[in-house]
Amino acid sequence: MSFSGKYQLQSQENFEAFMKAIGLPEELIQKGKDIKGVSEIVQNGKHFKFTITAGSKVIQNEFTVGEECELETMTGEKVKTVVQLEGDNKLVTTFKNIKSVTELNGDIITNTMTLGDIVFKRISKRI
């Protein structure tokens with residue numbers, strides 16, 4: 001299954017609690033909570049390029065499944081991690097005590113990030 005495409009955020013759960021837990025300033029949390037960001041994914045075999053645009057903020061991450069990479073987080077911090085592919089529709093990684101699972105089902109992509117007992121879920125639809 002190919003992840004390639006553009007996806008627009010449809011809904012999210014626990015945005016504010018998760019962003020507070022990772023240390024994002026309140027001002028940025030309030031600015032970001034209603035932005036319907038767009039994610040563009042380009043997949044070439046096991047190589048992925050993610051471009052996430054939320055308002056004026058753009059995050060670009062590139063990685064190859066199973067190889068160590070450096071990813072930029074929502075706070076702008078760069079972390080080293082390894083992204084794994086589970087089945088043919090689920091990307092999984094862990095960094096800084098956060099487990100991130102990105103799952104593709106048809107035209108819907110669900111990103112679930114878990115930090116302790118806080119589960120932040122973003123649901124986006126292919127556009």
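These residue numbers are counts, starting from 1, taken along the chain as shown.
From the backbone N, Cα and C atoms, a Cβ is placed for every residue, glycine too.
Around the Cβ of MET1 (N-acetylmethionine), 10 further Cβ atoms fall within 10 Å across all displayed protein chains. In the three-state DSSP classification, MET1 (N-acetylmethionine) falls within coil. Taken from Swiss-Prot, the feature N-acetylmethionine covers MET1, and the record attributes it to experimental evidence.
Per Swiss-Prot, the feature phosphoserine maps to SER11 (among others). Counted within 10 Å of its Cβ, the other Cβ atoms near SER11 (phosphoserine) come to 11, all protein chains included.
Annotated N6-succinyllysine per Swiss-Prot: LYS36 (among others), in sequence order, evidence recorded as similarity to another entry. Residue density at LYS36 (N6-succinyllysine): 12 other Cβ atoms are found within 10 A of its Cβ, drawing on all protein chains shown. In the three-state DSSP assignment, the secondary structure recorded for LYS36 (N6-succinyllysine) is coil.
Per Swiss-Prot, the feature phosphoserine maps to SER39 (among others); the stated evidence is similarity to another entry. All protein chains considered, the CB of SER39 (phosphoserine) has 21 other CB atoms within 10 Å.
Per Swiss-Prot, the feature N6-succinyllysine maps to LYS46 (among others); the stated evidence is similarity to another entry. DSSP assigns LYS46 (N6-succinyllysine) to coil, not to a helix or a strand. Around LYS46 (N6-succinyllysine), taking its Cβ as the centre, 12 other Cβ atoms fall within 10 Å, counting all chains.
Within 10 Å of the C-beta of THR51 (phosphothreonine) we count 15 further C-beta atoms, all protein chains included. Here Swiss-Prot flags THR51 as phosphothreonine, drawing on a large-scale study or a structure entry.
The DSSP secondary structure for SER56 (phosphoserine) is coil. Marked as phosphoserine by Swiss-Prot: SER56 (among others).
For LYS57 (among others), the entry in Swiss-Prot reads N6-succinyllysine. In this view, LYS57 (N6-succinyllysine) is surrounded by 14 other Cβ atoms within 10 Å of its Cβ, with every protein chain counted.
Around the Cβ of LYS78 (N6-succinyllysine), the same chain contributes GLU70, LEU71, GLU72, each under 8 angstroms and 6 or more positions distant in sequence. DSSP gives LYS78 (N6-succinyllysine) a strand state. Annotation source Swiss-Prot lists N6-succinyllysine at LYS78 (among others).
Look at Swiss-Prot and you will find LYS90 (among others) tagged as N6-succinyllysine, backed by similarity to another entry. In sequence order, VAL101, THR102, GLU103, LEU104 are the residues of the chain that are 6 or more apart from LYS90 (N6-succinyllysine) and have a CB within less than 8 Å of its CB.
Non-local neighbourhood of SER100 (phosphoserine): LEU91, VAL92, THR93, THR94, ASN111, THR112, MET113, each in the same chain, at least six residues away, with C-beta under 8 Å from its C-beta. As annotated by Swiss-Prot, phosphoserine applies to SER100 (among others).
In sequence order, GLN12, GLU13, ASN14, THR110, ASN111, THR112, MET113 make up the list of same-chain residues 6 or more apart from LYS121 (N6-succinyllysine) whose Cβ falls under 8 Å from its Cβ. Positions annotated as N6-succinyllysine by Swiss-Prot, on the basis of similarity to another entry: LYS121 (among others).
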Report task. For SER56 (phosphoserine), write down the residues of its own chain that are at least 6 apart in sequence and whose Cβ falls under 8 Å from its Cβ; none is a fine answer. Result -> none
Report task. Report, in whole Å, the straight Cα-to-Cα distance of LYS46 (N6-succinyllysine) from MET1 (N-acetylmethionine). Result -> 11
Query - Neighbouring modified residues, C-alpha within 10 angstroms of SER11 (phosphoserine) - of LYS36, SER39, LYS46, THR51, LYS57 - result: LYS36
Query - Inter-residue C-alpha distance, LYS46 (N6-succinyllysine) and SER39 (phosphoserine) (nearest angstrom) - result: 18
